[in-house]
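Everything on this sheet refers to the single structure shown next.
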């Protein structure tokens, strides 16, 4: 990454970022806080990148479009899933006799970002949920490389991401059967080992949210999913200013 060019024009960066947030349909009341958090995140990326080799982009626009906006392009699917769970919790609470008991039965919504690397999509999603005021969503960023975890711990502190924890671990050794959603952008091809590893992280009835490219390129992966007898669907993602095709592959754990 050319660090001399990266974020050299904050106004330009903000323009692209804010337009992207608007095109994604994110609540405009959250734009100010979210854009501030994301700009700090990008500045920290610039500062650490030369030593930590976090991300390869040619300029600030590519960083915003191909990584920040791409990470946020699936936000509605995450958000709707948290609301579906919230509705079920509210229904269960309504059946309890004691209000205090009802409050105690509410549980956070857990999201894991497996192989998060520099924090994509986990950090943008964490910043989004904080900006939306949804503090019940908890994110775990799973990364095996110590230097990247050091960077992520710094990001957590600087951005005050109180909804986020950093787990230095291989995905295979991370907490099992814990997460409502397990997401990742890191794996190019989904094979049987990776699929099982990700499923092991999810709760029963939990879901995998996998960022993928063109639909025809994931046909081989969906054949594997069919053989495993899993329910799945593919959703098209519209990433502002990105000319490449993007999809979200959603797989449900039995």
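Just so you know, glycine gets a Cβ as well, placed from its N, Cα and C.
Range 84-109 is the one annotated as region 'Insert', of 84-109, 110-135, 136-161 (source: Swiss-Prot). Long-range Cβ proximity for residue 120 (S-adenosyl-L-methionine binding site), meaning a same-chain Cβ under 8 A and a gap of 6 or more residues, is found for 55, 67, 68, 70, 71, 185.
Sequence-distant contacts (6 or more apart, same chain, Cβ under 8 Å) of residue 171 (S-adenosyl-L-methionine binding site) comprise 114, 115, 142, 144, 197, 198, 201. Every protein chain shown contributes to the tally, and the Cβ of residue 185 (S-adenosyl-L-methionine binding site) ends up with 21 other Cβ atoms within 10 Å. Annotation for residue 172 (S-adenosyl-L-methionine binding site): spatial neighbours 197, 200, criterion Cβ-Cβ under 8 Å with sequence separation of six or more.
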